[in-house]
Each structure stands twice: as C-alpha cells, then as structure tokens.
Amino acid sequence: MEPARRWRALLLLGLGLSLLLVVAGDFCNVNHCQNGGTCLTGINEAPFFCICPEGYVGIDCNETEKGPCHPNPCHNNGECQLVPNRGDVFTDYICKCPAGYDGVHCQNNKNECSSQPCKNGGTCLDLDGDYTCKCPSPFFGRSCHVRCAVPLGMEGGAISDAQLSASSVHYGFLGLQRWGPELARLNNHGIVNAWTSSNYDKSPWIQANLLRKMRLSGIVTQGARRVGKSEYIRAYKVAYSLDGREFTFCKDEKQDTDKVFQGNVDYGTMQTNMFDPPITAQFIRIYPVVCRRACTLRFELIGCEMNGCSEPLGMKSHLIPDQQITASSVFKTWGIDAFTWHPHYARLDKTGKTNAWTALHNGQAEWLQIDLRDPKKVTGIITQGARDFGHIQYVAAYKVAYSDNGTSWTVYRDSQTNSTKIFHGNSDNYSHKKNVFDVPFYARFVRILPVAWHNRITLRVELLGCDDPGSGSSPAASHAAAPAAPRGHPAAAGQRLLPPLLQRLLLQPRHERQGQRA
C-alpha cells in the first residue's frame with residue numbers, strides 16, 4: 001500500500017510541474033513563427049515576437065511577398081505598382097517616384113530649385129531628392145510661405161508677471177520705487193513704468209519664460225524716463241534656451257560672433273529688430289551692452305506658436321553633418337581601420353564597401369544618436385540594413401528615444417497601450433522600412449535603440465519631420481485673421497499691440513517693402 005501512495009504522489013507532482021510550465025513557460029519553446037521565422041520573447045508585453053525571413057511578413061510570418069515588385073526595383077524609396085499585362089509594355093510594373101526623382105526606376109535626381117519654390121525672398125538650396133529654403137524673418141515653412149509675426153503678450157499681459165525675472169532691480173526715491181522686470185512692458189505708463197537694473201550689476205539681464213517652446217521672429221524695445229531724465233539701452237545681445245539653464249546667444253553669421261542688436265536712441269521711440277533666422281525657445285534673455293544713464297527697458301516679443309509638418313530631415317542629403325551623428329560603439333571588419341563602420345555612415349542608401357553604422361557588440365545597450373542641432377518635430381523614421389563582404393546585417397526591431405539636452409531621455413511609448421513602443425525593423429540588407437509615429441515628438445536629439453538584429457547591429461537611417469514645424473500651414477491661412485485666443489494665451493494680445501509702422505512692415509508683402517526702400 002505504501003509504494004502505491006508514493007507513486008500516486010509522484011504522479012501528482014509531475015502533473016503539477018507540467019501545469020506550471022504550461023502557465024509560466026517560454027512561448028518560444030514551441031516556435032509560433034512559420035516559414036523559418038525566428039521567435040523572440042521578453043521584447044514587449046506581447047508573448048512573442050517573430051523576425052520573418054525574406055519574402056514573408058505577418059505576425060506569424062505566414063504571409064508571402066512575391067512578384068515583380070519584390071524585391072522593390074524602384075530606387076530612392078519609389079513605390080512599385082503592378083500593371084495589367086496589356087501587351088504594349090515590357091515590364092509588369094511601374095515605379096511611382098517620390099518628389100525630387102524621375103526615371104523608369106526613380107534613379108534620376110531632379111533640381112528642385114529650378115521651379116523657384118521658395119517664397120518671400122527665400123533662398124533655395126538643392127539637395128539629394130529634395131530642397132531646403134533659407135527664409136528671411138519673419139517667414140518660415142518649407143517654402144517660406146508662413147508669416148510668424150504675432151505679439152506674444154508683454155504689452156497685452158498674456159505673459160504674466162511671474163514669467164518675468166531679472167539679474168537685479170533698481171530701487172529709487174529712498175528705496176520706495178521698485179523698477180522690477182514685471183514693469184518691462186511695451187508702452188507701459190506711470191511714474192515707475194519699466195525695468196531698470198541695479199547700478200552695481202555689471203552683467204545685467206532680463207528674462208521671459210514663455211512656458212513652452214515657441215518660435216521667435218523679433219523684438220521691439222523702448223526706454224523710459226525717470227525723474228525727467230531719459231534712460232534706455234543703446235545696444236544689447238539676445239540669448240535663448242529650452243530649459244532655462246543652458247543659453248545660446250544669437251550669432252552674427254558673417255563674423256561668427258555674438259550678435260549685437262541696435263537699441264534705442266531715445267526713451268519713447270520703439271526700435272524693432274528681427275531674428276534672422278527665427279529662433280525656437282521657451283526662455284529668452286536680453287543682455288544690455290551699452291546703456292544711456294541706466295539700463296532701462298520696455299519690450300515686446302514677436303513670434304508665433306509651433307505647429308507640425310513632415311519631410312526628410314537630412315541624413316541622406318547630408319544636411320545633417322557627420323559630426324552630429326554618434327554611436328555607443330563602432331565595429332571594424334577584421335579589426336582594420338580602413339573597414340570601420342562609422343556612425344556618420346548611417347545615411348539612407350549610402351553606397352561603398354563600408355556604407356552603414358555597425359556596433360562593436362550585439363546587445364540592447366547599443367545606440368545610434370542623431371543631433372539635429374535645433375529642436376525639430378519628428379514624425380517618422382526609415383531604416384535600412386547593409387552587407388559586410390556578403391554577410392547580410394540589419395536591425396529587425398528597435399526602440400526610439402529623444403531628448404532636448406542629450407542627457408535626459410524619453411523612450412517613445414505606444415499611444416494606445418502607453419507601453420514602450422517596439423518598432424518593426426528590416427528583414428534584409430537593402431529594403432527601406434518606414435515607421436510613422438502616431439504621436440510626433442519635438443526634440444533636438446534622437447536615438448535608435450536596437451532590440452533585435454540579424455548577424456550584426458547595422459543601420460542606415462533617415463528621420464522624417466520638419467525643420468519648420470509650421471510648414472504645413474497654407475499661405476492663405478497665415479494671412480487670415482486668427483481666432484480669439486483664450487485668456488492667458490500669448491497670442492491673445494493681437495496685432496493691435498504692434499506699433500503702426502511695425503504692423504505695416506510685417507503685413508506688407510516682401511517685394512512691396514523692398515520697393516519702398518529702393
């Protein structure tokens with residue numbers, strides 16, 4: 001009887017362990033991926049993830065891609081489309097070329113500047129399959145067609161007192177008069193009606209916190225009178241920041257030095273200076289350089305809110321220079337320097353024996369980083385693998401992280417599940433894999449974080465987004481009357497706050513203004 005009980009106990013224990021393995025086991029113990037697909041676990045909240053071999057797609061690698069359009073015969077991200085076999089064509093497909101390319105296989109790069117796409121005096125620069133416009137302030141957008149010239153709220157009060165600060169404050173009339181930064185509002189009235197720095201402050205400044213990133217096109221300054229004497233700032237510098245800690249001065253492009261803006265010549269006349277190009281910032285500081293009697297200021301900021309658009313940001317076209325592309329590590333084939341797979345090789349469709357970035361180690365701690373120099377709205381990404389002397393290498397899955405300062409990073413999350421988003425990468429060494437972000441983000445630094453790969457972590461990439469987030473706006477919309485902004489919104493101040501001369505200057509077409517000056 002005793003042996004029977006022992007065997008019964010062992011049988012129950014075995015059944016319990018089997019049930020435990022079924023509940024808590026590795027889903028990839030049984031490969032759910034068909035047609036030779038590779039099964040992975042622990043990548044996301046999904047129980048498993050399939051890396052499909054060439055020619056197969058789908059969650060379980062159960063769908064096939066075959067025919068004249070696979071692999072894609074069209075170059076430069078052209079779209080292959082099947083055509084009926086009518087007997088009057090020699091191929092079963094046609095290539096629908098993206099903007100900037102033509103030819104049977106989209107192999108020809110057109111001169112995009114020949115059609116003069118830049119408006120309002122913008123300068124066109126032809127790129128590889130694209131163009132970019134250098135826009136004069138206050139215009140921006142892909143074709144310099146959007147006007148950014150709205151008072152942001154110093155005079156109207158949309159910028160609150162709490163958003164203004166200064167390095168020091170002057171106290172007058174036995175210390176009873178406080179010339180604080182909250183008084184530095186254009187056309188402010190009263191006996192004490194401006195900001196004045198302390199007489200002992202050798203490096204004075206006044207700062208406005210806009211509470212969010214905004215586009216700044218210019219500034220209007222004004223002095224004031226104190227005890228019947230005129231006081232004003234004759235020259236000043238401007239610095240801007242996204243975080244309120246690290247500031248960048250506006251530069252004189254010709255001399256590569258901090259730009260010194262011409263200030264006022266009396267206490268009451270308004271002096272307007274435009275930022276060319278416009279700047280993107282949340283914090284802006286004015287640093288007096290030359291003052292009349294005392295550093296006294298009233299001012300208004302000119303600009304607009306940010307909005308979005310999408311286009312290649314410059315990896316393929318080299319608009320993003322080599323030094324702005326870095327990585328966690330670099331691989332050298334056979335340890336030879338001549339076969340180094342540098343980070344700046346990670347450009348979409350780059351050719352050559354070493355034509356991509358490859359990490360030294362295969363691990364999820366590796367990354368490729370792109371510094372856009374200025375914050376941009378990023379809406380998508382295109383990735384591509386490469387070959388190393390015949391060996392096919394690519395990143396099959398990856399995450400995306402972004403940052404404003406290159407130190408604090410945010411990993412992109414799925415907009416529906418709020419979990420870390422795993423993007424499907426490539427399945428070969430040559431095809432483009434495009435992923436569009438459901439919710440675009442705005443950042444200066446972007447990192448691609450490989451999660452799964454074939455042979456070695458290898459990447460060629462292009463970022464999609466916009467240098468000028470307002471380029472999606474139409475010219476008509478930019479001239480139309482804006483709807484009333486809610487109280488406390490910087491745009492609530494309205495055009496009426498601008499000096500009449502500045503209103504005419506900003507609202508006139510550029511060619512009319514040039515004709516008047518001539």
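Glycine is no exception: its Cβ is also placed from the backbone N, Cα and C atoms.
Residues or ranges marked as signal peptide by TrEMBL: 1-25.
What TrEMBL records for 24-62 (among others) is domain 'EGF-like'. With DSSP states grouped into helix (H, G, I), strand (E, B) and coil, the domain 'EGF-like' (24-62) comes out at 4 helix, 8 strand, 27 coil.
For C50 (disulfide bond), the Cβ neighbour count at a 10 Å cut-off comes to 23, with all displayed protein chains included. The disulfide bond annotation in TrEMBL covers C33-C50 (among others).
The disulfide bond annotation in TrEMBL covers C52-C61 (among others). The Cβ neighbour count for C52 (disulfide bond), using a 10 Å radius over every protein chain in view, is 24.
If one looks beyond the domain 'EGF-like' (65-107) by at least 6 residues along the same chain, the residues whose Cβ comes under 8 Å of a Cβ in the stretch are 55-57, 127-131, 349, 382, 428, 430-432, 434. Annotated domain 'EGF-like' per TrEMBL: 65-107 (among others), in sequence order.
DSSP assigns C97 (disulfide bond) to coil, not to a helix or a strand. Here TrEMBL flags C97-C106 (among others) as disulfide bond.
Per TrEMBL, domain 'EGF-like' is recorded for 109-145 (among others).
Around C144 (disulfide bond), the same-chain residues six or more apart in sequence whose CB sits under 8 Å from its CB are C118, K119, N120, G121, G122, C133, C135, P136, listed in sequence order. Annotation source TrEMBL lists disulfide bond at C135-C144 (among others).
Annotated region 'Disordered' per TrEMBL: 472-493, in sequence order.
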Nearest-integer angstrom distance between the alpha carbons (Cα) of C61 (disulfide bond) and C33 (disulfide bond): 6
For C97 (disulfide bond), nearby residues of its own chain (Cβ under 8 Å, 6 or more apart in sequence): C74, N76, G78, G103, C106
Entry from the disulfide-bonded residues list C33, C61, C106, C135 having the most other CB atoms no farther than 10 A: C135
Reduced DSSP assignment, C135 (disulfide bond): coil
Between C33 (disulfide bond) and C52 (disulfide bond): CA-CA distance (Å): 8
